[in-house]
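Student: Please read through the structure below; I'll follow up with questions.
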Amino acid sequence: MLGKLGLSAIPFSEPIPLITSIIVILVALGVLGLITAKGWWPYLWREWITSVDHKRIGIMYCLLGVVMLIRGFADAIMMRTHQAMAIDAPGYLPPEHYNQIFTAHGTIMILFGAMPLVLGFMNFLVPLQLGVRDVAFPTFNSVGFWLTASGALLVNISLFVGEFARTGWLPYPPLSETTYTPGVGVDYYLWAVQISGVGTLITGINIVTTVLKMRCRGMSYLRMPVFCWTSLASCLLIVAAFPVLTATLAMLTLDRYLDFHYFTHTAGGNPMMFVNLVWAWGHPEVYILVLPAFGIFSEIFSTFSGKPLFGYRSMVAATLFICVVSLMVWLHHFFTMGAGAAVNTFFGISSSIIAVGTGVKVYNWIFTMYGGRVRFEVPMLWSMGFIFTFVIGGLTGVLLAVPPADFLVHNSMFLVAHFHNVIVGGVVFAIFAGMEFWFPKAFGFRLHEGWGKAAFWCAFIGFWVTFTPFYVLGLLGMTRRLQHINFPEWSPWLYLSVVGIAILILGVIAQVMQLVVSIRDRERLRDVTGDLWDGRSLEWATPSPPPFFNFAVLPDVEGEEAYWGIKLRAVETQQLAPEPDYRPIEMPVNSPVGICTAFFAAVFGFAMVWYIWWLAIVALVAAFAGFVVFAWRDVHEFEVPVREVARVDRARRAAREALLERMSRHGALP
Amino acid sequence: MDCLQVVKSAPARARMGRGLSLGRGLVLAFAGLGLAACSGGVLDPLGPVGEGDAEILINATVIMLVIVVPTILMAFWIAWRYRASNTRAEYLPYWSYSGRVEAVVWSIPILTILFIGGVIWIGSHRLDPFRPLESDVPPIEVQVVSLDWKWLFIYPEQGIAAVNQLVVPAGTPVRFSITSASVFNAFFVPRLGSMIYAMPGMVSQLHLQADDPGEMWGISAQFSGDGFSDMNFQVRSLAAADFEAWVGGTRGAGPVLDQAAYAGLTHQSARVPPSTFRAVDPRLFEAVATQAHPPGPGPQPGGAPHAGREATTGGKD
Amino acid sequence: MSDGGSPAMGDNGSPAVGDGGLPASVEALRRVREDPHRLGHRPHGPREVVAGAGHGATGPANKRVIVGYGFWIFLLSDIIVFSCFFAAFAVQRGATAGGPAVAQIVDLNRVAFETAALLLSSYTCMLSFAATDARNRLWTQLFLLATGVLGLGFLLLELQEFAELAGQGITPQRSGMLTSFFGLVGLHGVHVAAGLLWLATMMAQVQLKGFRPEIIHRLMCFNLFWHALDIVWIGIFTIVYLMGSGA
């Protein structure tokens, strides 16, 4: 009846996961209880859970990402402290637990932390920047988000029911085959990643279609903000690469569940095929994350320098260049598997060629500041921290792309330092910068600056104190994923790294404090203008937060930096454009299909992990039935009456009038 | 320019040592990491392969630093020069395109990568692990099998074998044939250079050489399960006479590595102390590589069954 | 301060791209950003702007274009999934592990019938959409039904093939080659089965709801899906069966 599931799946004898589980469950119950007690459920259900508004979904994506970043960071703290305590000693985590920790850390940080955050930014910003009201498929957007949330839920359930994979975040066979890893850990991994991967694919298709087919009038390709370009490139990579992951994991699933021989080491299976396939997804995945990050920095450098982005077309070209070349470099993840000199040379050179694209971008950001009026607000601090960190990360990345150098430091702590350098320095810094930058747009008040600066400095210094020792350790010959360390001479560096993580903890606390303080002081920090940073793209033309229909009348774009042109004209003529002729607006109705599908997907995944076949079938049928019910509905859209549209837009115009007056008085614009 | 000297330093090994320490000094100066004390690591090579790898690592670093350091300095200088409070700096609110700057911006990375591409091309071919080393001394053969969680070294010419202990004659090229009897591992002796994967059903080749006698250690550099942390092994490079003595001593004592003994080795165990076999089945390696001998059985259920939580002995036996 | 909402041209609705008469500030903005090639300053696409096509000059595309476009992208991603399974077959086709080779498991007669059924079903599917275009419910349903019957026939033939092979002990567990063979052919079969489920749902919708715009969009997507499965099958037929039988 319950398949493999039994009471022994709960880790009663292991205090660390048990206590963690109890705390997590208590916190979750507390939150749910609070919501129930306050009677917030109807509001949450109506306004958030069933919402198909791209901004709401974007915010929920970011929330999920932040929670998962904290979860992954907790894993990181455990790994650092454990390794420091496991030098010629057992440490406090036995191997079967420690191995789950680093696997979960990688999986969660990449797939459930960084990915949702990046997708959240795209969701929130792309329609606003393109001057349209929603993404191409609003309901599917909701399905995509909730599927990602289901995957995250499954990963976290594995914490207290059963175990997570112990194979590393990419489960290389034969280790991940049932012969060597018979437990449910890899199955949890497979179903969680598979389900969230489908969600990601849906979002990718959605954004590609939105960018290519849903731009406001006059928004030709070369007038789009660079963030839209990088989102497009990133989502094209999602569409090209995530199916590869889906196929690869499906093959591994067949191997594990039905004794197929795709990747087994016996009966003609081919483990190398897994390595090739998974990196054919895995390397583009890195660029899926980092390209939107580049877009975020492009917006920030331009806005805070008070200048258009330097070399816009170069930026677009470099983005597309990276997008294409990133599909041709996957083999550099296993130069040491002995592919031969010619193959290694090809992939070594193709990998370093990517640095041309990123190099061009870095120079363009620098020249964007040239001749500008650079304001060192918090987003700009993160951006400068990014330039420093990412350039060093790029340097070590090119080193790893040189096969003979890779022969020495492949899989070493040097490698670990490198990819944290680019992913933390590139993606995570971008996420924090972007949060500071667009938080006022999303919520109507800005974040507290002092705490923001504290968070930046702690993160920046903490990062370097944590990861510089990794470079040294890698050169000393320390490989990654060691549960205990047999070489006491490495201990100073491991201890130093713990100091770094302590500073990073302070950074996380500062981030949380920033949020708390900002919510407390929200009236003082309120952004009444909608154009807090003197922005240049269309999202700043909306009030903060934007109405659910974004634009009362879709804008008509006349050049690059659409909003900047509008602003210039308003200042020049000392008046806003005449009030438009308001019309009623059709908006899609909310739908519970996303949360329902995701719920059944989670049930299906859980049932498959534990071999509860009947439940899996029930869940599948229910999910299909949910879709049919959805397809049967008669009302797809509702009409926002003219009166409401006019009311919202007149309030916005009033705020803009005031801003215009103030700016004219100060002569703020060139 | 010191760095150019490093880049140009010829492969001749006598000079390479100098180039190496010079480059290392540069890395030190730039990064201030205090690597001079890093004995035993990849920057302390004991053989030609390790030296070649390390030289390329350092040369590539220096080439990149030549670009990266000015770039970072320029970024911070420009950001500071054009800070909003500095009203003396000119304000060019619409300066966003300059063909000349763009040309430079594209050429710098392209030229750097062309240069690095050359390093990659030459390095990949010169240091291809499959390529035999040039030497007057005939190479010796060592067959390597990675097991759950130990290393087996077979000396087919000498007819002996060792577990978790690799002994090589100094100044002699060693030809390693590497396979795995269970999951992926990577065979790596940091001071000798180039690692290569050990993969089931496949045989990888690797050529290494230790120039001088010395004691080192090797590791697995690919995660292989619960006992992975203890997959390190002693490496001793001995003078020719000492090596012969070691071979003789090994032949004289210890058990024989036959099918039964090998089957015992395939079971999971960690922290296995180094040991030797006085004789070995000459077809053993081929049988392992072609999987005529069944691969390691993986974890065996023992103790109370745990739903979903597999029994393990990893690392704690 | 913006008129973010208001079209610069007011209500006259004329597309404002590339025409003169812009305020001086916008012209200035343009001039400084120009490069010699004037990329992006022309309206995208043909000279005459096509409303609803989604080109930059005319605003968001209409729903039909958006749905079709999105579905095309989905199909591309699905074809990438198939290409991975094709790749696996290419890698493993020699990995028979002592078991039967490809030539020994291929029965070209049955495959010919399967192929004929599927190609014919694609044809009837296309006819059904022609009927949909003419808003003829009866013929739409009849042709959809024919598509479904042919698809079901294909599926049954495939199941028969699998059952026969399994009866001889030829199962995916036997060898790497058989794994990738059953994986690839089976994946296509699963797609066909899902397509049949979709088809049945669509027929019910057409019957009960009639030709509403969103239903026509779904029929269009179904058509694309069905044709895509056909194309994939041609790949399987060629690479697995035809080339296999000769090997």
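The first residue you see is number 1, and the count goes up from there.
Quick reminder: no glycine exception, Cβ is built from N, Cα and C everywhere.
Automatic prediction, not curation, is the source of TrEMBL annotations.
Reproduced below are the annotations present in TrEMBL:
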DOMAIN    A:39-558  domain 'Cytochrome oxidase subunit I profile'
TRANSMEM  A:16-37  transmembrane segment
TRANSMEM  A:98-122  transmembrane segment
TRANSMEM  A:143-165  transmembrane segment
TRANSMEM  A:188-212  transmembrane segment
TRANSMEM  A:224-252  transmembrane segment
TRANSMEM  A:286-304  transmembrane segment
TRANSMEM  A:316-335  transmembrane segment
TRANSMEM  A:341-360  transmembrane segment
TRANSMEM  A:381-402  transmembrane segment
TRANSMEM  A:454-473  transmembrane segment
TRANSMEM  A:493-517  transmembrane segment
TRANSMEM  A:612-632  transmembrane segment
Student: Is it true that the transmembrane segment (A:286-304) and the transmembrane segment (A:98-122) have 3 or more Cβ pairs under 8 Å, skipping pairs fewer than 6 apart in sequence?
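Tutor: Taking Cβ pairs at least 6 residues apart, the transmembrane segment (A:98-122) and the transmembrane segment (A:286-304) are in contact, with 3 or more under 8 Å.
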Student: Excluding the flanking five residues on each side, which residues at least 6 beyond the ends of the transmembrane segment (A:316-335) place their CB within less than 8 Å of a CB in that stretch?
Tutor: 222, 226, 229-230, 233-234, 236-237, 240-241, 275-276, 279-280, 282-284, 286-287, 291, 294-295, 343-344, 347-348, 350-351, 353-354, 356-358, 360-361, 364, 400-401, 403, 406-407, 410
Student: Residue list, the transmembrane segment (A:98-122) vs rest of chain: Cβ under 8 Å, 6 or more residues beyond ends.
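Tutor: Distal contacts: 57-62, 64-66, 68-69, 71-72, 75-76, 78-79, 82, 91, 144-145, 148, 151-152, 155, 158-159, 163-170, 185, 189, 192-193, 196, 200, 203, 207, 231, 234-235, 285, 288-289, 292-293, 296, 423, 427-428, 431, 434, 438, 481, 483.
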Student: May I ask whether the transmembrane segment (A:224-252) has at least three C-beta pairs under 8 Å with the transmembrane segment (A:381-402), counting pairs 6 or more apart in sequence?
Tutor: no
Student: Who are the chain neighbours of the transmembrane segment (A:224-252) in space, where the CB to CB distance is under 8 Å and they lie at least 6 residues beyond its ends?
Tutor: 118, 122, 125-126, 129-130, 171, 173, 176, 186, 190, 193-194, 197-198, 200-201, 203-208, 211-212, 215, 260, 262-263, 274, 277-278, 280-281, 284-285, 287-289, 291-296, 298-299, 309, 312, 315-316, 319-320, 322-323, 326-327, 536-538, 561
Student: Which residues of the chain, 6 or more past the ends of the transmembrane segment (A:143-165), have a CB below 8 A from one of its CBs?
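Tutor: Beyond its ends, the transmembrane segment (A:143-165) has Cβ neighbours at 5, 9-11, 17-18, 20-21, 24-25, 57, 60-61, 64, 68, 71, 96, 100, 103-104, 107-108, 111-112, 115-116, 119, 123, 171, 176, 181, 183-186, 188-189, 191-203, 206, 593-595, 597-599, 601-602, 605-606, 609-610.
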Student: Sequence-remote contacts (6 or more beyond its ends) of the transmembrane segment (A:16-37), Cβ cut-off under 8 Å?
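Tutor: Answer is 10, 44, 92-93, 97, 156, 159-160.
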Student: Same chain, outside the transmembrane segment (A:188-212) by at least 6, Cβ under 8 Å from its Cβ: which residues?
Tutor: 103, 107, 111-112, 115, 119, 122-123, 126-127, 130, 132, 135-137, 140-141, 143-152, 154-155, 157-158, 162-165, 167, 171, 224, 228, 231-232, 235-236, 238-239, 242-243, 245-246, 249-250, 252-253, 256, 598, 601-602, 604-606, 608-609
